[in-house]
Amino acid sequence: MLMNRLKLLTASAGIFVFAIIFGWIIFPQILKFMISKQVTLKPGTDIRALWAATPFPLHFYVYVFNVTNPEEVAMGGKPRVQEIGPYVFDEWKDKYDLVDDVVEDTISYNMRNTFIFNEKASSPLTGEEIITMPHPLLQPAGINVQRERAAMMELVAKALAIVFPDANAFLSAKFMDFFFRGISVNCSSEEFAAKALCTVFYTGEVKQAKQVNGTHFLFSFLGQANHTDAGRFTVFRGVKNNKKLGQIVKFANEPEMDVWPGDECNQFIGTDSTIFAPGMKREQGLWAFTPDICRSLGAVYQRKSSYHGMPSLRYTLDLGDVSADEKLHCFCKDPEDLSTCPPKGTMDLSPCVGGPLMASMPHFYKGDPKLIQDVDGLHPNEKDHAVYIDFELMSGTPFQAAKRLQFNMDVEPVEGIEQMKHLRKLIMPLFWIEEGVHLNKTYTNLVKYTLFLGLKINSALRWTLITLSLVGMMSAGYLFYQKSDALDITLPPKIIKDTNKVANQPRPEKQEQQPTSPVAVPIPGVNLSNPKVEQRARY
């Protein structure tokens, strides 16, 4: 009986320890190891194929700010805008000219984005709506010359009048013309001023312009980015070190940028946003480099979330306050002079794109309140305008995400150009975009049945074993308690036999009790049939 209790206690304790060690230590490590071997950019793997050509489109939304009082604004009035959108596009991503470097464990490739207008999702918008915006060529040209080449203002003003006859500070055109088909630029004039101005188009300095023939160009915000090379990347494949998977080594064949007045701001941090390493820590954040703004941005953990019943973590980001963060001072025009820093929640893109453009969150969400006060019609809120990513750390899978960014013009009055001399100094919103993804069941099921099913089985197994082991240990403890608490009295066989004999004898007649005589009490181990012993026992 004692041996059985010890066996039960030992077995239960062993199961308990096994459940703890295997369930919380061994199994997760095995799972992480298996994932790390599968999630690499090694040729021939499923992950490599999905990464090289995304088999589903991302959603790409464009919201444009239509200026409803352009004449008033041109004379110094406060802008009033009306948001129109979303114009919905299917964005397909693919990579080409892939070259592996086995020694360095890197892969080089060119990124390409293709936008296809989704008429059904955009309805009732068609793309043919007339939009009024700050003139995308006249205003930037005038502001740039005033800031950097004021001595050339007279020449540039004459050139603008030739190339853009009858142009105003604001331009009304169809949405598709602004963003994809293009605004016509006529460089056919033989005037010296016009030829000097058109040089920037012929040399390719205006990246958004496409040459149609020998004298004409088409300018659009996104046309040149559609189905064209978005830059050459070199990233780690993650075969030798899975923690480095996707991290950018070079962009445009350079190990760092030469855009900002500070090494820290010129670094490539993170991935190209199409892949992340598995098994990251929550506090690491999700970092990605965005060529459009020449900057790496990091999303930070916000809260726990879920997607189709699967647990995930919600990450978010904003542009921060450049003047308040010493690490971001290199995004100021002069890092030593904080007055040259952009307002809170914005980023000066002029060193990156060469024009007076500013980036921000949509509707200046989390920006300086003055930005919102300067323009009527803005209504920032977290639901519609915050950046978010629902991310699963163990597999490195983004379940859903919305990357949102607004582009603005840094407007100021230009004395040398009649159409712009009365403008207010403010940051004028132009449009904002959202690039997002929501994984469908085909791909969420891959995660669910390869990762979460294993985790659920492990959880069920370890808790079952822990429960059984606790029941076993409690049962063993109860049995030990009963053994120690019980009074186990056993008489020798001879005494039991003699006692039975006495019990079977006829009862003697009642005699008068002698008060002074002690009562005869049977004493264990004493032979009561012996008169001498009985006599000693009485006295």
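The backbone N, Cα and C atoms fix where each Cβ goes, and this holds for glycine too.
Annotated topological domain 'Cytoplasmic' per Swiss-Prot: 1-7 (among others), in sequence order, evidence recorded as sequence analysis.
Annotation source Swiss-Prot lists transmembrane segment at 8-28 (among others).
Residues or ranges marked as topological domain 'Extracellular' by Swiss-Prot: 29-459.
Positions annotated as N-linked glycosylation site by Swiss-Prot: Asn66 (among others). The number of other CB atoms found within 10 A of the CB of Asn66 (N-linked glycosylation site), across every protein chain shown, is 20.
Taken from Swiss-Prot, the feature N-linked glycosylation site applies to Asn186 (among others). In the three-state DSSP assignment, the secondary structure recorded for Asn186 (N-linked glycosylation site) is strand. In sequence order, Val163, Thr215, His216 constitute the residues six or more apart from Asn186 (N-linked glycosylation site) in its chain with CB-CB distances below 8 Å.
The N-linked glycosylation site annotation in Swiss-Prot covers Asn213 (among others), and the record cites sequence analysis as its basis. For Asn213 (N-linked glycosylation site), other Cβ atoms within 10 Å of its Cβ number 8.
The N-linked glycosylation site annotation in Swiss-Prot covers Asn226 (among others) and is backed by sequence analysis. There are 16 other Cβ atoms within 10 Å of the Cβ belonging to Asn226 (N-linked glycosylation site).
What Swiss-Prot records for Cys265-Cys330 (among others) is disulfide bond, and it gives similarity to another entry as the kind of evidence. When secondary structure is read from DSSP and collapsed to three states, Cys330 (disulfide bond) falls in the helix class.
DSSP assigns Cys352 (disulfide bond) to a helical segment in the three-state reduction. Cys352 (disulfide bond) has a Cβ environment of 19 other Cβ atoms inside 10 Å. Residues or ranges marked as disulfide bond in Swiss-Prot: Cys294-Cys352 (among others).
Annotated disulfide bond per Swiss-Prot: Cys332-Cys341 (among others), in sequence order. Within 10 Å of the C-beta atom of Cys332 (disulfide bond) sit 21 other C-beta atoms, taking all shown protein chains into account.
The Cβ neighbour count for Asn440 (N-linked glycosylation site), using a 10 Å radius and every protein chain shown, is 10. Look at Swiss-Prot and you will find Asn440 (among others) tagged as N-linked glycosylation site, backed by sequence analysis.
Taken from Swiss-Prot, the feature transmembrane segment applies to 460-480 (among others), supported by sequence analysis.
Feature annotation from Swiss-Prot assigns topological domain 'Cytoplasmic' to 481-539 (among others). Taken together, the residues in the topological domain 'Cytoplasmic' (481-539) have a mean pLDDT of 48 on the 0 to 100 scale.
Residues or ranges marked as region 'Disordered' in Swiss-Prot: 500-539.
Cys294 (disulfide bond) counts 20 other C-beta atoms within 10 Å of its own C-beta, drawing on all protein chains shown. In this structure, the disulfide-bonded residues Cys265, Cys330, Cys341 were compared by how many other Cβ atoms lie within 10 Å of their Cβ, and the smallest count belongs to Cys330. If you measure from the Cα atom of Cys330 (disulfide bond) to that of Cys341 (disulfide bond), you get 9 Å.
For Cys265 (disulfide bond), the recorded positions whose C-alpha atoms fall inside a 10 Å radius of its own C-alpha are Cys294, out of Asn66, Asn213, Asn226, Cys294, Cys352, Asn440.
Asn66 (N-linked glycosylation site) falls within a strand segment according to DSSP.
Counting in whole angstrom, Asn226 (N-linked glycosylation site) lies 23 from Asn66 (N-linked glycosylation site) by their C-alpha atoms.
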